[in-house]
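J.: I have a structure here, written as structure tokens, and I will follow up with some questions on it.
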Amino acid sequence: MTAGAQVIANSGHDDMIHDAVLDYYGRRLATCSSDRTIKIFEIEGESQRLVETLKGHDGAVWSVAWAHPKYGNILASAGYDGKVLIWREQAGSWQRIFDFALHKASVNIVSWSPHEAGCLLACASSDGNVSVLEFKDNSWEHNIFHAHGLGVNSVSWAPATTPGSIVSSNPGPGSTGNRRFVTGGSDNLLKIWTFDPATNGYKLEREPLAGHTDWVRDVAWSPTVLQKSYIASASQDKTVRIWTSDAANPGEWKCKVLNFDAAVWRVSWSLSGNVLAASSDNNKVTLWKENLKGEWENVKTIEE
């Protein structure tokens, strides 16, 4: 973590940094800022080196995301200008390989699917729409659809494997390459979307998950593929909700509420999916774990 902190401290950005993401191997860090640029750093132990500054957005850049390395050195960025830009590094040189500009308002976040599902990028916009870009056969295709009336703040993909299939002797069809994701909106709702091969588009899997009383700022689908699915949602209403679904009843979601003393902006799962980090308006990051009784406990608080 020290190297990451050093990079941010000496970022070279001229304005606020909105996102900082390490690549799959932890050797590169991409940052983005209100100064309209993206910066790429090489990380070597405790040291870091700025190797590239990418320019192309006409406003603040909110989000950056690395594709899985099986698809090459590909980075996506999204910003206030309503654009999603795809960048690729080849032979040490970064180039912009695709511009997506069909959103009519800020694109707030971009998220790559698990690589087993394909090279898919979900983009959430303040115009109320979600777009899914797919890179195949050396070209980009897209799906765009209306998701939340007051704007979409967040999107997170489900694991490619359904819960229970790893421990089941008969995982059944469709157990890998799952194309499902959850979105969170300014309508206070979460919605789960699934790919429908019949229409070649995405459809609402079930009724929206309701309970938050203010904007849903972030959603995070746990990468765990054991017996349950977990989705965490962070809200302006000073709560995090943890939604769980059992492999036996995949359409049924139960909810536990974690109360905070400030609005919660981001939630993030550990790689194993058993620890949840939440960051809130009071400059605190809290870590949560589920105990044997199924209750969520605050196991650590980090204050800056």
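Sequential numbering from 1, following the chain as shown.
Glycine residues also receive a Cβ, built from the backbone N, Cα and C atoms like all the rest.
According to Swiss-Prot, the protein has these features:
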| type | residues | note |
| --- | --- | --- |
| REPEAT | 12-51 | repeat 'WD 1' |
| REPEAT | 56-97 | repeat 'WD 2' |
| REPEAT | 102-143 | repeat 'WD 3' |
| REPEAT | 147-203 | repeat 'WD 4' |
| REPEAT | 211-253 | repeat 'WD 5' |
| REPEAT | 259-298 | repeat 'WD 6' |
J.: For the repeat 'WD 3' (102-143), would you mind checking the mean pLDDT of the predicted model?
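T.: So the average pLDDT across the repeat 'WD 3' (102-143) works out to 97.
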J.: Are there residues at least 6 beyond the ends of the repeat 'WD 2' (56-97) whose Cβ is under 8 Å from a Cβ of it, and what are they?
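T.: Distant Cβ neighbours of the repeat 'WD 2' (56-97) are 15, 18-19, 21-25, 28, 30-34, 36-38, 40, 103-112, 114-115, 119, 121, 123, 125, 127, 131, 133, 135, 140.
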J.: Give residue numbers and ranges for long-range contacts of the repeat 'WD 3' (102-143): same chain, 6 or more residues beyond its ends, CB-CB under 8 A.
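T.: Same-chain residues near the repeat 'WD 3' (102-143) but 6 or more away: 59, 62-68, 70-71, 74, 76-84, 86, 149-157, 159-161, 176-179, 181, 183, 185, 193, 200-202.
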J.: Quick one: DSSP breakdown of the repeat 'WD 2' (56-97) into helix, strand and coil?
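T.: With helix first, then strand, then coil, the repeat 'WD 2' (56-97) has 3 helix, 25 strand, 14 coil.
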